[in-house]
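Undergrad: My questions will all concern the structure given below.
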């Protein structure tokens, strides 16, 4: 913002350097989940770039991509696809069919298809992204790991657990070799594998994966982070299914305390923690306590 203020004093309002500042501020707003602000300022960047650079420039493609990210996060999938496809067409015409930015466009289009439940289209477009990544970046690159992970997510939702595990393990091995054993991406890979094992009823294997996830997240993110809370919840759900109700309540309560301190008292994840505790009380026959927790969850 300081940079933008200085540029506004000295540059014409249609200068591409102003668009660059708007674009960067928009990306930060996106990371902060301030989506309306991101969309407004990203559109400013786009309009300047269109007027100065024309309709077929990489920076214009980046602006369309930025706005597509906002629409996707808002659940406006058709509008997101429109933005991503505009970005893709520019990138294909300028950069060719075998460029990392083109792969990234395919990847984000795949994410939208996945959210829309269009699994086959998502798999097809993710594979395009993967093939570019393999050709351009090699077999041992974080982007390739991400592609394997995304394909695994689709297989997982389709109930194709063996294929999902194969993709998740490929993603994990790249993460371990490139990023090391204590990286958040590696923790997420362990978590994804754990979820598949849980869905297969392999509770001990799931717990092993969740524990690996937890140890990395505690080390890297600290004891008071929402991702740590999520991991406690996942372990608690497994304990509940095993009839270990006291341990389950203890873990769900740990999750709740983190969420209250970090997210506040009126957040959907806090509601989810109350619901998880209620389910355990329900299983124990502690109906008054269960009703109390369900009501807290419902109120939020």
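Any Cβ shown, glycine's included, is placed from N, Cα and C.
In TrEMBL, annotation is done automatically, which means it is predicted and not curated.
Taken from TrEMBL, the feature repeat 'TPR' applies to 61-94, 103-136, 145-178, 187-220, 229-262.
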Undergrad: State the non-local partners of the repeat 'TPR' (103-136) in its own chain: residues 6+ outside its ends, Cβ under 8 Å from one of its Cβ atoms.
TA: 65, 68-69, 72, 75, 77, 80-81, 84-85, 87-88, 91, 97, 143-144, 146-148, 150-151, 153-155, 157-158
Undergrad: Determine which residues of the chain contact the repeat 'TPR' (187-220) at the Cβ level, with the cut-off under 8 Å and only residues 6 or more beyond its ends counted.
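TA: Residues 145, 149, 152-153, 156, 161, 164-165, 168-169, 171-172, 175, 181, 227-228, 231-232, 234-235, 237-238, 241-242.
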